[in-house]
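TrEMBL annotations:
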- 36: N6-(pyridoxal phosphate)lysine (MOD_RES)
- 36: active site, proton acceptor (ACT_SITE)
- 128, 293: substrate binding site (BINDING)
- 223-345: domain 'Alanine racemase C-terminal' (DOMAIN)
- 244: active site, proton acceptor (ACT_SITE)
Ligand SMILES: *Cc1c(COP(=O)(O)O)cnc(C)c1O
């Protein structure tokens, strides 16, 4: 295969170190991993292999297609979006994969199909997926073989009273369902403290370098680093503009480089005039002008030796880049496109 002029450097040690940090913060609870959206864009299989090697046993995806892509990994997978009619044949045949049933209809469907072990999502205040606690009290789950009873926090990244309220509503279900384990916390939820860990935590973003709340500052390592190759270097004479609509004008003669990177790769237009690349020796190279579909210009005046064919590193520390771009840390990593070669170090 022809090497791509774009690559994502993926740091295996940082990924496993982040999981170990989250596992330690989870106390006596087991620590799983959310690997939906193809492992937040890193590649689910590669993430699962590394985390399984570190001791992770519970993985979460969104859909059955995502679950089946992990069929050869021999790990327990929970499908967060439950089970539709169209999923049933695959769901009944799959080994080590459970639906997370989240509606009355899904529970009926699973029972009628004679499905085996399952997980169940209860809504404790987010009004997204999940059955009502009242339905649990009324016996909806009676006789169901539940491995993990779950709920999901709406605002775990904020210090709001809803967190404790959701935690209380969830804790009130303890012993009411025959579930073997209970699970509430995503990454940010782990940072809320031991009460939120229950038996199993489900971090995603923090595994991949996200810092969801101040509780994680200084504890999470960057995992994903985009790099792009220089297609050409050129001089822009003073007074001339660069890129679509010439939104940037050189105030003095300026050396720029054109990178093989654009919004079709997930490097969105909000980085126009705001993004930053670095040379191998760390010189800052600001994005100038508008990001286009496949191309981005950077000012390389401070790096006289950078030439066509050289690689530069795109600044992509998730919390800092989120602040610069206005994109969420989740959007920043899940949006990185298929044109990147994903290279694990
Ligand atoms: C995505 C997801 C997670 C992981 O969330 P992060 O914020 O990425 O840690 C956990 N639980 C559920 C139900 C999810 O949908």
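Keep in mind that glycine also has a Cβ here, set from the backbone N, Cα and C atoms.
Bear in mind that the values here come from a model prediction, so they are computed numbers and not experimental data.
Mapped onto this structure are the features recorded in TrEMBL.
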{"residue": "36", "record": "N6-(pyridoxal phosphate)lysine", "DSSP class": "helix"}
{"residue": "128", "record": "substrate binding site", "DSSP class": "coil"}
{"residue": "244", "record": "active site, proton acceptor", "DSSP class": "helix"}
{"residue": "293", "record": "substrate binding site", "DSSP class": "coil"}
When you tally the Cβ atoms that lie within 10 Å of each candidate's Cβ, which of the recorded positions (36, 128) has the highest tally? 36
Residue from 128, 244, 293 whose C-alpha is spatially nearest that of residue 36 (N6-(pyridoxal phosphate)lysine), among the recorded positions: 128
Reported as an integer number of Å, what is the Cα distance between residue 244 (active site, proton acceptor) and residue 293 (substrate binding site)? 11
The number of other Cβ atoms within 10 Å of the Cβ of residue 244 (active site, proton acceptor), counted over all protein chains shown, is 14
Rounded mean pLDDT within the domain 'Alanine racemase C-terminal' (223-345) lands at 98
Note down the number of other Cβ atoms within 10 Å of the Cβ of residue 293 (substrate binding site), including every protein chain shown. 10
